[in-house]
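Swiss-Prot lists HIS64, HIS66, HIS219 with the feature Zn(2+) binding site, giving sequence analysis as the kind of evidence. Sequence annotations record features per position, and here Swiss-Prot assigns Fe(3+) binding site to HIS64, HIS66, HIS219. The 4-imidazolone-5-propanoate binding site annotation in Swiss-Prot covers ARG73, TYR131, HIS158, GLN222, THR308, and the record cites sequence analysis as its basis. Residues annotated as N-formimidoyl-L-glutamate binding site in Swiss-Prot, with sequence analysis given as evidence: TYR131, ASN305, GLY307.
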Amino acid sequence: MSTLITNIAELMTQDAEHRVLKDAAVVIEGERISWIGPSSAAPAADDEVDAGGRALLPGWVDSHTHLIFAGDRTAEFEARMAGESYSAGGIAVTTGATRGTSDFDLTRLALGRVAEAVSQGTTYLETKTGYGLDVENETRSARIASTVADEVTYLGAHLVPAGADADEYTDLVCGPMLAAVRPYVSWADVFCEQGAFNEQQSRRVLQACKDAGMGLRVHGNQLGEGPGVRLAVEFGAASVDHVNYLSAADVEALAGSWSGWQGAGTRGTVATCLPACDLSTRQPLAPGRELLDAGVPIALASNCNPGTSYTSSMAFCVTTAVLQMRLSVHEAVRAATYGGALALRREAGNDVDGERAVGSVAIGHRADLHLLNAPSATHLAYRPGIPLTHAVWRAGVRAR
């Protein structure tokens with residue numbers, strides 16, 4: 001089955017040449033993109049969709065979410081809005097609610113959140129464990145996550161449970177818990193922050209998970225300067241997320257991890273910015289402009305979670321990046337598409353063949369497409385808060 005999407009006013013490919021095509025057309029063949037070019041030269045297809053002069057983008061790639069949970073934390077949110085500062089302790093509230101919820105209901109809730117994200121243009125997403133915090137419930141979360149998300153990350157090292165010894169809990173994370181979740185996950189993460197896991201504990205988690213053959217990610221530098229960025233670069237993590245508080249040495253280390261990379265070769269560590277979380281916690285926005293200017297690739301992600309960023313709107317993140325972080329529209333869209341793919345090692349090139357590539361529109365790539373109800377992507381920031389998703393294709397299937 002083939003589908004021709006024609007009369008596209010603006011096609012932001014996010015391919016290697018960063019091409020933006022005008023009056024364009026795209027052909028989907030099965031799950032893949034089979035043709036791109038001018039509307040006037042478009043081939044026939046089994047089905048035809050008139051884009052009506054709208055803009056077409058790659059689907060959003062949301063590389064940082066926490067979707068496996070029950071309950072909410074509205075009381076914590078209200079307290080924070082009243083002036084209380086954010087700390088990681090609220091994670092325990094969600095852990096209690098999640099442990100008390102059945103597999104069926106956890107799956108139902110997670111699927112609802114995925115559907116909400118897809119309806120807004122997200123076509124590829126990662127999610128984490130981290131609200132189980134014991135072997136049984138982390139394994140349960142990992143298993144459920146593997147049925148609802150494209151990429152699953154083990155975050156047993158999210159918070160030390162109340163009453164537990166931090167080093168003994170780290171032993172558990174690196175031993176029995178890791179062994180139990182491993183069949184369901186491909187990534188591992190650690191919350192390297194004051195009040196969560198210190199440098200020594202974080203190093204142990206990263207080493208154990210690396211030895212288990214997992215890709216690495218780090219929650220780092222959210223609440224203050226610390227060792228998170230340095231550890232992420234040292235261990236070759238795919239991304240370090242939050243990055244609100246960076247020293248000059250942190251920025252230099254991130255930039256240095258990409259030295260010599262020109263779309264091929266050894267990748268460095270992506271800096272993943274989470275602007276919706278920054279606004280909700282009233283933290284300084286991550287320095288996306290400064291990172292880009294220093295040569296550090298960035299990703300934008302929703303950090304959808306019940307405590308600090310209960311949104312799946314990648315468009316909101318793009319809008320915030322443009323209006324508050326001083327990114328151009330093109331830079332923000334790229335960070336929310338290709339940048340997310342790079343943070344998940346799913347960008348085209350290197351060891352990723354075209355059929356596995358996401359975050360860009362190119363022949364042979366997965367047909368993840370987001371049609372806006374606007375003539376250009378500029379409208380995402382120009383008309384903030386307006387729902388502009390008109391149609392979505394996920395792996396070639398019309399999802400909206």
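Including glycine, each Cβ sits where the backbone N, Cα and C put it.
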Intrachain C-beta neighbours of HIS66 (Zn(2+) binding site), sequence separation six or more, cut-off 8 angstroms:
THR127, LYS128, GLY130, TYR131, LEU155, ASN303, CYS304, ASN305, PRO306
Near the Cβ of HIS219 (Zn(2+) binding site), how many other Cβ atoms are there if near means within 10 Å?
30
Would you find the one among the binding-site residues TYR131, HIS158, ASN305, GLY307 whose Cβ has the most company, meaning other Cβ atoms within 10 Å?
TYR131
Minimum Cα separation from HIS158 (4-imidazolone-5-propanoate binding site), reported as the residue among binding-site residues HIS64, HIS219, GLY307 that achieves it:
HIS219
Report the same-chain neighbours of GLN222 (4-imidazolone-5-propanoate binding site): residues 6+ apart in sequence with Cβ closer than 8 Å to its Cβ, ordered by sequence.
GLU193, GLY228, HIS242, VAL243, ASN244, TYR245, GLN283
On the three-state reduction of DSSP, what should I expect for HIS219 (Zn(2+) binding site)?
strand
Any idea what the Cα distance is from GLY307 (N-formimidoyl-L-glutamate binding site) over to HIS64 (Zn(2+) binding site), rounded to a whole Å?
14
Would you kindly give the Cα-Cα distance separating ARG73 (4-imidazolone-5-propanoate binding site) and HIS219 (Zn(2+) binding site), rounded to the nearest Å?
21
CB neighbours of THR308 (4-imidazolone-5-propanoate binding site) within 10 A?
25
For the N-formimidoyl-L-glutamate site given as TYR131, ASN305, GLY307, which other residues of the same chain have their Cβ within 8 Å of the site's Cβ centre?
HIS66, PHE69, ARG73, GLY90, ILE91, THR94, GLY130, PRO306, THR308
Express the distance between the Cα positions of HIS64 (Zn(2+) binding site) and THR308 (4-imidazolone-5-propanoate binding site) as a whole number of Å.
13
Quiz question: given the binding-site residues HIS64, ARG73, which has the greatest number of C-beta atoms lying within 10 angstroms of its own C-beta?
HIS64
